Amino acid sequence: MDHFNYRDGELYAEDVSVSSIAERFGTPAYVYSRAAIEQHYKAYDDVLKGRKLLVCYAVKANSNLAVLNVLARLGAGFDIVSAGELERVLRAGGDASKVVFSGVGKQEWEMRRALEVGVRCFNVESDTELDRLNAVAGELGVKAPVSLRVNPDVDAGTHPYISTGLKENKFGIDITEAPAVYARAATLPNLDIQGVDCHIGSQLISVSPFMDALDRVLALVDELARSGIHIRHLDMGGGLGVTYHDEQPPKPSDYVRALHERIGDRKLELVLEPGRSIAANAGILITRVEFLKCTEHRNFAIIDAAMNDLIRPALYSAWQAIVPVQPHLDAEEKVWDLVGPVCETGDFLGKDRPLRLNAGDLLAVRSAGAYGFVMSSNYNTRNRPPELMVDGDQVHVVRRRETIQDQLAPENCLPE
Ligand code: LLP
């Protein structure tokens with residue numbers, strides 16, 4: 001259940017017809033469902049008895065303040081990768097003591113801010129980052145809570161751009177080197193070793209790579225314990241996949257239970273960093289067909305959303321369902337390429353889609369709640385779309401449509 005369903009022959013977002021949203025707010029527009037976000041979060045949070053679990057939503061997936069606020073109200077933690085994301089979490093009412101700070105390139109000012117507000121843990125990705133964090137914490141006279149992000153060298157079996165757990169990736173510390181790095185971390189006076197962290201990739205549709213990674217990480221935890229370093233939490237990162245097409249990813253509850261069982265009687269709190277599995281199927285991108293252009297070779301439907309609004313198809317050849325908002329039989333079914341107005345051949349949201357289309361029709365790109373708006377840009381000086389959140393029969397503007405004035409405001413011509 002993702003709360004975008006057909007009712008009386010047209011697409012609804014919860015209790016609001018998508019066509020009425022398009023009428024009121026224009027297109028293109030992102031539309032999120034509060035109920036879906038809540039349901040997807042609870043799918044993780046409500047399941048575990050007998051072990052502490054902290055679900056740190058990966059802010060990068062969708063960082064709109066209202067999305068973060070909905071999750072903060074449920075008591076969520078947050079996984080951030082920049083000081084900017086930290087400020088969003090704080091603004092949205094998130095609890096700093098439930099924030100984990102990931103990322104390979106944390107700057108000193110970002111570390112300082114995170115220490116000032118008291119984040120739960122830094123997921124440290126290199127030996128040199130340890131020294132930087134130790135120095136910044138020393139200046140502030142505090143101890144920085146750390147986990148090392150280890151790279152367990154497992155193949156997540158996902159797209160190469162979003163696979164992160166292999167040796168050749170830039171992420172984490174080679175698991176074979178981790179004991180030595182932990183031993184050194186233990187000698188640094190301003191660090192407090194809390195946990196171990198890994199994240200092996202995104203859009204995983206089977207639990208087995210997670211279990212392989214977990215086995216390697218648990219072996220490390222046991223080895224560290226023997227050398228007197230006691231790990232209190234285990235952060236397995238994010239990565240659980242969603243259904244874009246016909247993928248059948250594991251249910252969060254089954255995944256969490258499998259982790260719990262494999263960890264066994266070790267006294268470890270579990271931390272997870274899901275992004276996509278909470279946000280993706282809680283959002284759609286609505287767009288209108290501007291022109292139909294049938295050539296000898298292809299049929300193009302030129303829509304008002306483009307690669308700058310949703311870059312996943314262009315960047316990863318990602319497939320997202322594109323469905324009519326008001327299905328009709330008034331046109332012959334043809335196979336369409338759905339392309340935007342941007343001046344690039346790669347500007348498409350879908351290819352080879354059988355649809356009955358007339359100019360002016362509304363379409364919804366599904367599964368657009370994660371890595372959608374957050375990866376949008378102003379390429380071709382296009383205003384970014386608004387973000388709207390449906391809550392029952394209400395629609396809230398949670399980010400207004402950008403204007404040309406917004407875009408030009410930071411820029412200047414040279415002096416006369
Ligand atoms: N934790 C860390 C350290 C991560 O790097 C990521 C995602 C997550 C958690 C959340 O992973 P998720 O549960 O969302 O899979 N732009 C790409 C996805 C990039 C994911 C990057 N890291 C896409 O549109 O498919």
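Using N, Cα and C of the backbone, Cβ positions are placed for all residues, glycine too.
Automatic prediction, not curation, is the source of TrEMBL annotations.
Of the listed candidates (Arg257, Arg262, Arg266, Arg276), TrEMBL assigns Arg276 to the same substrate site as Arg312, Tyr316, Glu344, Tyr371. Same-site candidate for pyridoxal 5'-phosphate binding, as annotated by TrEMBL with Glu273, Pro274, Gly275, Arg276, Tyr371, chosen from Gly201, Gly228, Gly239: Gly239. A distance of 15 Å separates the Cα atom of Arg312 (substrate binding site) from that of Gly275 (pyridoxal 5'-phosphate binding site). Of the candidate recorded positions, Lys60, Tyr316, Glu344, the one lying closest to Pro274 (pyridoxal 5'-phosphate binding site) when CA atoms are compared is Lys60. For the binding-site residues Tyr316, Tyr371, counting C-beta atoms within 10 A of each C-beta gives the highest total at Tyr371. Between the two most distant C-alpha atoms of the annotated pyridoxal 5'-phosphate binders (Gly239, Glu273, Pro274, Gly275, Arg276, Tyr371) there are 15 Å. Annotation for the binding-site residues Gly239, Pro274: lowest Cβ count within 10 Å of the residue's own Cβ, Pro274.
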